[in-house]
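This report refers to the structure that appears directly beneath it.
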């Protein structure tokens, strides 16, 4: 992902304020609620029958935290996202058979959640920088599929 110095500063500056536990759980939860067909990959998570069940599900929250910790790794390696996510791409492609479009959807949901949490601080410029990052991460995660 090519970011200008200002974009990198915006992304890393805001990310330093992110509560990974909270934002991760909310982002994954929203993905499962807004795009319910994604729930099929999470059969072991128990009750996902209603939005309140999804958003309060401890397994959703725990996996959301794991996803965001992995996203943090990507932010530290923006120049090598394919390498950073090679093993995860292989896992999601070969073993889990996740539709790579879901990575793009989750990235967009993450941007929405960040906007909700940071309000006016999440300026259009910050959003544009984050869109570049989530797009790059989604592309890297989908790499094994090609």
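The backbone N, Cα and C atoms fix where each Cβ goes, glycine too.
Listed features, source Swiss-Prot:
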type: BINDING; residues: 63, 92; note: heme b binding site
type: DOMAIN; residues: 2-146; note: domain 'Globin'
type: MOD_RES; residues: 1; note: N-acetylvaline
type: MOD_RES; residues: 12; note: phosphothreonine
type: MOD_RES; residues: 44; note: phosphoserine
type: MOD_RES; residues: 59; note: N6-acetyllysine
type: MOD_RES; residues: 82; note: N6-acetyllysine
type: MOD_RES; residues: 93; note: S-nitrosocysteine
type: MOD_RES; residues: 144; note: N6-acetyllysine
Cβ contacts of residue 63 (heme b binding site) (under 8 Å, same chain, 6 or more positions away): 24, 28, 42, 45
Within 10 angstroms of residue 59 (N6-acetyllysine), Cα basis - modified residues out of 12, 82, 93: none
Candidate modified residues 12, 44, 82, 93, pick with smallest Cα gap to residue 1 (N-acetylvaline): 82
Of the modified residues listed as 44, 82, 93, the one whose CA lies nearest the CA of the residue listed as 'phosphothreonine': 82
Integer Cα-Cα distance in angstrom, residue 82 (N6-acetyllysine) to residue 93 (S-nitrosocysteine): 14
Per-residue Cβ crowding (10 Å cut-off), top of modified residues 12, 44: 12
The residue listed as 'S-nitrosocysteine' and residue 44 (phosphoserine), Cα-Cα, nearest whole angstrom: 19
Cβ neighbours of the residue listed as 'N-acetylvaline' where a neighbour is any other Cβ within 10 Å: 21
Structural state of the residue listed as 'N-acetylvaline', classified by DSSP into three states: coil
All-chain count of other Cβ atoms within 10 Å of residue 59 (N6-acetyllysine): 15
